[in-house]
Each structure stands twice: as C-alpha cells, then as structure tokens.
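Single-structure report; data block below.
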C-alpha cells in the first residue's frame with residue numbers, strides 16, 4: 001500500500017511540475033506590427049482591447065501595438081520538505097525555480113511537499 005502511495009505522489013509531483021513548466025513559457029505581452037500609422041490607436045484597441053497601447057514608429061511609418069494580459073497565478077512544486085529543508089528552504093527553492101515564486105510546506109497524503117505559487 002505504501003509503495004502505491006509513493007508512486008501516486010511521485011506521479012502527482014511530476015504532473016504539477018510539467019504543468020507549471022508549460023505555464024511558464026506563455027507570454028504575458030503581445031507586440032504586433034499593424035502596418036501603416038493611419039488610425040493606429042483605433043485599430044490597435046479594436047484588435048487587442050481597450051488596455052492595449054499603440055505607437056506610431058516615425059521613420060518607417062508603422063503602427064506598433066502592445067497588449068498586456070493580466071498575470072495569472074500558477075502552482076508548482078519543487079521537492080519534499082524535510083528537517084533539513086523546512087518552509088524557509090522551500091520558499092528559497094521556489095524563488096529560484098519560478099519567476100516571482102513563493103513557497104511553503106503542505107501536508108498531502110502523509111507527505112510534506114514544497115508547493116510554490118508564482119505568476120505565469
């Protein structure tokens with residue numbers, strides 16, 4: 001029974017780590033060239049929403065449009081928490097592994113896991 005629990009915990013940890021790695025590579029900013037500067041701001045906002053920012057690049061006369069997506073909170077994991085790696089160590093590991101990562105030890109199925117929250 002304990003072997004099954006350990007295997008299940010290992011697979012769950014791998015799934016969390018994989019999902020968090022996929023979320024890390026998603027961009028939060030979209031920059032697009034909308035050709036000529038004519039009605040630049042209007043076209044930018046129509047295509048990417050009211051919070052988008054437009055800029056006419058003078059020398060080449062092209063309209064640049066940047067849209068920003070709000071930061072999303074994601075959850076990941078690093079390793080098990082132990083006496084040698086308590087909550088402060090877990091928090092440090094999360095900060096190293098994930099951008100703006102913060103972590104803490106959480107009891108799950110009889111194990112103390114280091115769980116991280118980070119913006120993605």
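Placed from the backbone N, Cα and C atoms, the Cβ positions cover glycine too.
Packing around residue 56 (disulfide bond) is summarised by its Cβ count: 15 other Cβ atoms lie within 10 angstroms of its Cβ, all protein chains included. Residues annotated as disulfide bond in Swiss-Prot, with similarity to another entry given as evidence: 37-56 (among others).
When Cβ atoms from all protein chains are considered, those within 10 Å of residue 40 (disulfide bond) total 20, not counting its own. The feature disulfide bond is assigned by Swiss-Prot to 40-63 (among others), with similarity to another entry given as support.
Summarising the annotation, Swiss-Prot assigns disulfide bond to 44-65 (among others) and lists similarity to another entry as the type of evidence. All protein chains included, residue 65 (disulfide bond) registers 21 other Cβ atoms within 10 Å of its own Cβ. Secondary structure from DSSP puts residue 65 (disulfide bond) in a beta strand.
Annotated disulfide bond per Swiss-Prot: 74-120 (among others), in sequence order, evidence recorded as similarity to another entry. Residue 120 (disulfide bond) is surrounded by 20 other CB atoms, counting those within 10 A of its CB over all protein chains shown. In the three-state DSSP classification, residue 120 (disulfide bond) falls within coil.
Its Cβ taken as reference, residue 85 (disulfide bond) is surrounded by 17 other Cβ atoms within 10 Å in the chains shown. Marked as disulfide bond by Swiss-Prot: 85-105 (among others).
Per Swiss-Prot, disulfide bond is recorded for 90-114 (among others). Every protein chain considered, the tally of other Cβ atoms within 10 Å of the Cβ of residue 90 (disulfide bond) stands at 26. In the three-state DSSP reading, residue 90 (disulfide bond) counts as helix.
Here Swiss-Prot flags 94-116 (among others) as disulfide bond. Take the CB of residue 116 (disulfide bond) and look out to 10 A: across all protein chains shown you find 24 other CB atoms.
Sequence annotations record features per position, and here Swiss-Prot assigns signal peptide to 1-27.
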44, 74, 90, 105 filtered to the disulfide-bonded residues whose C-alpha is within 10 Å of residue 116 (disulfide bond): 74, 90, 105
Spatial neighbours, same chain, of residue 105 (disulfide bond) - Cβ under 8 Å, 6+ residues apart: 81, 86, 87, 90, 112, 113, 114, 115
Position of peak Cβ density within 10 Å, selected from the disulfide-bonded residues 37, 44: 44
Neighbour tally for residue 114 (disulfide bond), based on other Cβ positions within 10 Å of its Cβ: 26
